[in-house]
There are 2 protein chains.
Amino acid sequence: MTSVVPGATRNTRQRAQVLGLLEATDGFRSAQQLHASLRDGGAQVGLTTVYRTLQLLADAGEVDQMRLPDGEQLYRRCGGSRHHHHLVCRECGRAIEVEGPAVERWAQAQAVAHGFVDVDHTIEIVGTCADCAAR
Amino acid sequence: MTSVVPGATRNTRQRAQVLGLLEATDGFRSAQQLHASLRDGGAQVGLTTVYRTLQLLADAGEVDQMRLPDGEQLYRRCGGSRHHHHLVCRECGRAIEVEGPAVERWAQAQAVAHGFVDVDHTIEIVGTCADCAAR
DNA sequence: AGCGCTACTGATAACGATTGTCAACTCCGA
DNA sequence: TCGGAGTTGACAATCGTTATCAGTAGCGCT
C-alpha cells in the first residue's frame, strides 16, 4: 500500500493536494476552508472531492475530526497514531495534542460502573490561545 | 420571575408543554423528536417554537446540549445546576450525569500550561447501555 | 506506447437540520 | 375589557454535507 490515501486504490493529483495542504496546516480547518485555500493556491479541486478525501482520511484514522459549537466539522492532520485529545484555539483553530491516561481510565471506569459497553468518549479543551488573546 | 422559561416574559401553553415533556424525559432528545412527541401526545406546538424554546432554555442553562456524531443537536433537562458531564447511550439516548473534579482540573491545567485563556471543555462518554446491549 | 477497465472527479441537485420572516394571535397589566 | 407587545407557526431561506451521474484519468496489462 503505497497510496497517498489509505483505503484508496488510486493516487490522484487531487488527493495529494488535499493531503499536502493538511500537512502544511497546523490547526483544525473546515472542508470549505480547505477547499477555498486550495482554490486560492491555484489548485483545481472540486468541493465534493475535498469532502470525499477528508472522509477517507478520517475513516483511515489519518486525520482527526472535531465539531464547532455550530456543528461545522473540522479536520486536522495528526502525526502520531497514539490516542490523544486536543487543546484548540477557538479563534485561529491552532491545536495542541494532549494526552491524559488518567482521564481515559476515568471515562472507562464511569462507563463500566453503569454497565455501558462499547465505550467511546469525546474530550476537547477549547480556549483562546496566547497569540489571539494578545491581539 | 415566576416564568416557566427563564429569560422569557410571558408564560405560554407551548413553553409549558415543551418544558413538561423535557421533565418527563430521561435522556437526550433532538428538537425534531421532541416536536414529534408533542404532536403525538396531542399537543399543538410548532416546530419553530420548539427550537426557540429549547434555545431559550439552553441559554438560561436549564437544559444541557450535546451533539451526535452526525451533527444533530440533542437536549436534556438536567436537575442540578452543578457542573457535570454525561454518560450517554448511543442507542436510546439515556443519560447518566457524572462528575469528575480531577478531570476538570486536568483540562484547566493543560490549557494554562499552554497559555490558553477563557477555557472551556467538552467531555462526553458515549456507549451502549446494558438494556440496549441485551436487546 | 497503447488499450481498456473502472476508480475517481466535479458540477449540480438533493437533503436535513436549523434559522429567518411576518402576519396573526394571545398573554397580561392597566 | 382593552390594547400593545411578546409569541406563535406555516413557510421560505440558509448552510453544511451528501447523492447523482456523465465524463475523466490512474494503472495494470499487453
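Note that the numbers count up from 1, one per residue, in the order the chain is shown.
Using N, Cα and C of the backbone, Cβ positions are placed for all residues, glycine too.
Summary of the site annotation: TrEMBL records Fe cation binding at A:His83, A:Glu104. Screening the candidates A:His35, A:His121 against this entry identifies A:His121 as the one listed for that site.
Considering only the binding-site residues A:His83, A:His121, the Cβ with the fewest other Cβ atoms within 10 Å is that of A:His83. Secondary structure from DSSP puts A:Cys132 (Zn(2+) binding site) in a helix. In the three-state DSSP scheme, A:His121 (Fe cation binding site) falls into the strand class. In the structure shown, the C-beta of A:Cys129 has more C-beta neighbours within 10 angstroms than that of any other entry among the binding-site residues A:Cys92, A:Cys129. Most Cβ neighbours within 10 Å, among the binding-site residues A:Cys89, A:Cys132: A:Cys89 holds that distinction in the structure as shown.
Using a 10 Å radius centred on the Cβ of A:Glu104 (Fe cation binding site) and all shown protein chains, the other Cβ atoms total 14.
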